[in-house]
Amino acid sequence: MSSGGLLLLLGLLTLWAELTPVSSKDLPEICKLPKEPGPCRSYLLYFYYNSVEHKCQTFHYGGCEGNENRFHTIEECKSTCAE
């Protein structure tokens, strides 16, 4: 392979490594759950970990059911899920 081809391959591999998201395999299971507002009708502001965007975000929790990917503060979300 020519040196130009090797440089192109190296550049593509570097770009791929930079753009590939960090694996979520090391995240606690609750952080992989989708946000789940539940069926009730309260309008409570909570935080959840968005495992696609790799960050904590707000959502409105209905006040019942839902799942464990629900935190009162962004600090609690980050300390549990943020990498």
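Cβ atoms are placed via backbone N, Cα and C, with glycine included.
In Swiss-Prot this protein carries:
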- Cys31-Cys81: disulfide bond (DISULFID)
- Cys40-Cys64: disulfide bond (DISULFID)
- Cys56-Cys77: disulfide bond (DISULFID)
- 31-81: domain 'BPTI/Kunitz inhibitor' (DOMAIN)
- 1-24: signal peptide (SIGNAL)
Least buried of the disulfide-bonded residues Cys31, Cys64, Cys77, Cys81, going by other Cβ atoms within 10 Å?
Cys64
For Cys40 (disulfide bond), which DSSP three-state class applies?
coil
Could you say whether, by DSSP, Cys81 (disulfide bond) belongs to a helix, a strand or a coil region?
helix
If you average the pLDDT over the domain 'BPTI/Kunitz inhibitor' (31-81), what number do you get?
97
Secondary-structure category, per DSSP, in which Cys64 (disulfide bond) falls:
coil
